């Protein structure tokens, strides 16, 4: 009985669900084509979905090399021979972490973001690092680089401290040296490289005061009014406009070139301690990686794109920007946008989940709650169908207004045409005067009106189906969704009250008969004949 009631309740709910009316899409597409809408005739700007060539890389300009900001990530490794220097080494390491806020201690995630990227154009600056045991990130060919800086990563540098200097701020040596092609640098008299960028912390050891004699001009990247300068002390690039004077306010704290050279360095701190007879003892090693902090900029290394370069990297890289591959599709090209009709619509099989009817009112109450959820979803779908129908009506009215404007404009154009024909009647009309082959206008407003009428009919049909059904009466669905969860427990209680006494009576008779049979069997097994009422002595 409960299963039959469940089926009766679920049947109208499942029947209320229907697939969307996909011919509406076909009508809308035909309407756009017949009205000559720009959405159906203009070119489409599309991005490539191919995974082989995900995009194209463009190199950064020399000025962008001076403005793109980089950041450093530091990691350290203890020397296994610390022994008695563990406490002072910990003190020195805590000083390093506190005094250099421009260095991040969390290591970044390495690896190429994209591969098979093509570099368009010539890169003004490339940086090459060669290390036998380094991490290869990719190599650009020399033909795409205007100026190539070669980093000498084989330099191993240590900073020496005595035991009583552990509490002072450490000063690391300058970054590794870089070499340049012959004739690239010109010694120009300028003080532009001196000073410190305003965005840099005063405790940053990478921007120590620069030497005046170490500020050199890169001839291949400079012009008469604009100079690209290299500070060999800090391995940083500066852009100077000779007509506006020197100003380093826009210079980032850590530049790209400085970060790339620092990431190839091998830095360590040693100490002269009395524990080892005042001999030079290594304490710990620093490994520094670099990342681009400016949004949209990447390291371009060969055909790979990186956001960060690991410590001890090797290869040839430049910086630039990446754009996805874009192609222009003409208006008459069929784009891969599937539009289905009723006959082509792939039907989705919907499985109906039946709750097993087990004993207990709790299971039946859960069934009522499930029915309420299905009803709520059906009501939501109906409301969505109404909104879609309203939107279609609005779109049809808008297209009707556009068509009326086009008809009005066509009437004005034809009126002007008649006037021009009268003025050029001696030459056979404006068409012959201009030697035009197509001089006729085909009025297709009737097709547009027919398509709009069909679109409105489809919207009206969709709205009627959404408002039909015993669960969609206007004004009842708002309170019915609250009452429906109590129907399951109420019906279960009603069934229990109707059939409970009968079931209890049957169970009582069954138990009584079984007890009488057991008692009779017990008397027979004891050898006594049961007495009837007539044989009783009483």
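Backbone N, Cα and C define each Cβ position, glycine as well.
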- Query: Can you check which of 354-374, 375-395, 396-416 Swiss-Prot lists as region 'Fusion peptide'?
  - Reply: 354-374
- Message: Between the candidate ranges 458-478, 479-499, where does Swiss-Prot place the transmembrane segment annotation?
- Response: 479-499
- According to Swiss-Prot, which residue among 443, 523 is annotated as N-linked glycosylation site? 443
- Least crowded of the glycosylation sites 133, 146, 220, 312, counting other Cβ atoms within 10 Å of each Cβ, is 133
- Message: Please give me the CB contact count at 10 A for residue 431 (disulfide bond), counting all chains in the structure.
- Response: 17
- Note on the structure: For residue 146 (N-linked glycosylation site), the spatially nearest of the glycosylation sites 133, 220, 312, using Cα atoms, is 220
- Task: Check the Cα-Cα distances from residue 312 (N-linked glycosylation site) to the recorded positions 133, 220, 241, 431 and tell me which is shortest.
- Result: 133
- Task: List only the single closest residue to residue 220 (N-linked glycosylation site), chosen from the recorded positions 133, 241, 431 by CA-CA distance.
- Result: 241
